Structures are given as C-alpha cells and as structure tokens.
Amino acid sequence: MTGKTQTSNVTNKNDPKSINSRVFIGNLNTAIVKKVDIEAIFSKYGKIVGCSVHKGYAFVQYMSERHARAAVAGENARVIAGQPLDINMAGEPKPYRPKPGNKRPLSALYRLESKEPFLSVGGYVFDYDYYRDDFYNRLFDYHGRVPPPPRAVIPLKRPRVAVTTTRRGKGVFSMKGGSRSTASGSTGSKLKSDELQTIKKELTQIKTKIDSLLGRLEKIEKQQKAEAEAQKKQLEESLVLIQEECVSEIADHSTEEPAEGGPDADGEEMTDGIEEDFDEDGGHELFLQIK
C-alpha cells in the first residue's frame, strides 16, 4: 500500500537491461501474500516498473540493476506468511551445486536448449520453463539444507574370514540382549507371582468366610429341625392324652347308667306299689297273712 499508481504485470521483456534489473521471489505463499503486499515490501529499494505474481513465486521489475541487487541483498531469506523467501536476480540463476546422493534433473540440463521457451499464460508471455526449473532447483536446494533423518546403516558384505568374528559379535550381542530380556522376564515373572499370591490370599479369605457362613446355616437348620421335632412330639403326646381322657370319660358314663336302673330300683317300685295297694285296700295285709 504505497499510494502510488498500480504497476503493470509485464515482467517478461527480453532486453538485457530489463533482465538484469529483474528480481525473482521464490517460496512465496501467494495464497496470503498479494501483489500489493509485494510492491509495498520491495518499493523501498527503488522504483518498481512491473510486478507479476504466480502460484508460489513472483517477479519484480526495477528501473535499474542497482535497485534490484539491493532488494535481493536486503530481502533474501525473509520470512513472510510463515515461509522464508528465496530471492535472486532473475537474469543470474542460482548456480547448481551438486551434492552427494543428489542427481541433477534433466530439465535443468536441457532448459536452455528448449525450442519453445516462451509460453503465453495469463495474457502475457514469459519464459516459463526457464524460471520454473530455476525456481524448483532453488526450492530443492533450500529443502536440502535441512538434514535428512538418519537412515539405517546396511552392513557391507565381508570376506568369509571375518564371518566368524561377526558371528561371535552377534552372539555376544544376542547373549547381552538375551540377558536383558531374561532380566525383564524375571521382573515380570516376579510381579506376576506377587499378584498371584495376593489373589490366592484373597481367595482363601473368601473361602473361609463362605465356610463359616455355611456352618452357621447348618447349625440354624439343625436347631430348626430339633424345634420342629420337639413341637411334633408335644402335639402327639397332647393328642394321646386327649384320647385317653375321652376314653375314660366314655367308660365312666357306661358304668354309671345300669346302676341307676337295676333290681333295687324295681324292688323299690314294687314295694311302693304294695304299700300303695295296702293303703288303698286296707285289708290286704290280712289276706296275705292268711295265705
């Protein structure tokens, strides 16, 4: 946001003057950083003639080469939107420095020999292959600065004479590892044995409690059975007594009834009748005496 008129998008002029005053900005987070932001950052080094923003990189065209080199020296490796910028002169691509284990891409070898180096993208023409390959080369170099994670060392083949020593070394290592594993296994077995003993103690305590409860239940059952038998005997004895009393009462009643209605009673009735006859007739006694 400089307040100046907006610069053009043309940064692809092929004259030597414009190429030498052109700055390449790589590793740019174009999703966040816009053209206005780039112009605001780089306008302090000199007048900007053109600025073109692409996906992941951008170009800034200055009026003079001195301004472009000042921008490269001042803004290279600056962190914007979480990414360090890779800034270089567009006319002087970063020289390729081969590293051990890395191969140079074929596109970098045949970049200058392309028959169709200029393509039309977004309404204007620029050397796409040249800057794309140069940008990715710089990007790979930047990522190559970060040390890779350590890789497992593959043992080289040795002659048969040294095989015995390696086997012995392996044997010693395996024995050491075996001792460590046995030590860890012994500690684990000790822990397991302690846990088993505690569980065994708890189980024995539970068993004793259950046995005591069962004994109490048996005692209660025996007491209940004894009480039930005693009650049963009492009921039987009471029933027998009641039966005996009933039988004795019946026998008493049967013996008392014939005594009341026997011969004495008939004699009394007869005498009573005689007396009545005697009283009524008056002289009946005399008649009996005469007889």
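Glycine is treated like the rest: Cβ placed from N, Cα and C.
Computed from a predicted structure; not experimentally measured.
Marked as domain 'RRM' by Swiss-Prot: 21-92. Summarised by DSSP class, the composition of the domain 'RRM' (21-92) is 22 helix, 26 strand, 24 coil.
Positions annotated as region 'Disordered' by Swiss-Prot: 171-192 (among others).
Mean model confidence for the coiled coil (190-249) is a pLDDT of 90. For 190-249, the entry in Swiss-Prot reads coiled coil, with the evidence type sequence analysis.
Marked as region 'Disordered' by Swiss-Prot: 249-291 (among others).
Summarising the annotation, Swiss-Prot assigns compositional bias 'Acidic residues' to 257-282.
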